[in-house]
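K.L.:
The following block contains the structure, expressed as C-alpha cells.
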C-alpha cells in the first residue's frame, strides 16, 4: 500500500479515488493564472488533497469552497485552512445549483482520473451554475475533449462538451510532478459555458449523440434507424459515420430527426417501414 505524508498528516493512497498529489508549485500557479480567478469570484475547488492548488487560490481569493471526499484529507484541510468552507462529500453528490444560489461558480481542480468523465458531465449538466472550469486530468482525456472530426479521439465526450462549452487545451503536465507517480501524463483544460447554443434540449441531444456514436464503425443510418425517424435526412449524410460530422453538422442533423414512437418498426433506406 502506498502512503503519502505531508506535514502532520499521513494517508494511505486510495486507488479507487484516483489520488495523485501535485508537488510542483509552478504548475499550480499556472493553473490559477489560467483560470482567471480573482477576489470577487465564487470559487469551488474539487478535491484539494493536501492543498497544493488551494494555497495558490488563496493568493488571489481569501475565502472559497472546497469539496473533499477523503476523511483524512478533509481533516487536514479543516485544520490547515480553517477560513475555507469545506464540504466533506463526493463531488458527484453535491447540489451545484444550490451551491451557486449566490452566483455562478468558478471551478478549479486536479480531478481524479477514475471519475473524470462523470465530473465533466456533472459540470456540463450544471453549466448554468458555473462561470468556468479549469481542470487537470489525464492527458488522453484532455485530448479527447478538444478532438476534431475524423480523428480517433473525436466522440461523445468531445461533441457533448464542445456543443455547450468553449473548451481549450491549456498545457501538458508530466507525470513526475505527482506523488505517487501515475503511469500517464496529465493536462490542464478550461471549459466556459457558451451563452448561445445551437441545441435547446440538452438531454435529448445527449441521447442522440450516444446513439449516433454507439458503434463507431457503423454508419449514421445503421446507428439511428432503430431509434429515430430519418425521412428528413438526405441519404448521403446517412451513409457517413458520426465521427465524420462537425459539431455544427451533428446539431443540424439532430434538428432533422424525431424519436421513433414506441412500437414503430425501424426506418428503411427508402423511407418505408
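Keep in mind that glycine also has a Cβ here, set from the backbone N, Cα and C atoms.
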K.L.:
Suppose a student reads Swiss-Prot and sees 20, 22, 47, 68, 110 listed for S-adenosyl-L-methionine. Which of 90, 166, 201 should they find annotated at that same site?
P.N.:
90
K.L.:
Taking 68, 90 as the binding-site residues to compare, which has the smallest set of other Cβ atoms within 10 Å?
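P.N.:
Each of the binding-site residues 68, 90 was scored by Cβ atoms within 10 Å; lowest is 90.
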K.L.:
Within its own chain, what residues at least 6 apart in sequence put their Cβ under 8 Å from the Cβ of residue 20 (S-adenosyl-L-methionine binding site), listed in sequence order?
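P.N.:
In sequence order, 110, 113, 178, 179, 180, 181, 182 meet the Cβ cut-off.
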K.L.:
Give the helix, strand or coil assignment DSSP yields for residue 68 (S-adenosyl-L-methionine binding site).
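P.N.:
Strand, per DSSP.
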K.L.:
List the same-chain residues at least 6 positions away in sequence whose Cβ sits under 8 Å from the Cβ of residue 47 (S-adenosyl-L-methionine binding site), in sequence order, or say none.
P.N.:
67, 68, 69, 91, 109, 110, 111, 112
K.L.:
If you run the three-state DSSP split on residue 22 (S-adenosyl-L-methionine binding site), which class comes out?
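P.N.:
Where residue 22 (S-adenosyl-L-methionine binding site) sits, the three-state DSSP reduction gives strand.
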K.L.:
Quick one: largest C-alpha distance among 20, 22, 47, 68, 90, 110, binding S-adenosyl-L-methionine per the record, in angstrom?
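P.N.:
The two farthest binding residues have Cα atoms 20 Å apart.
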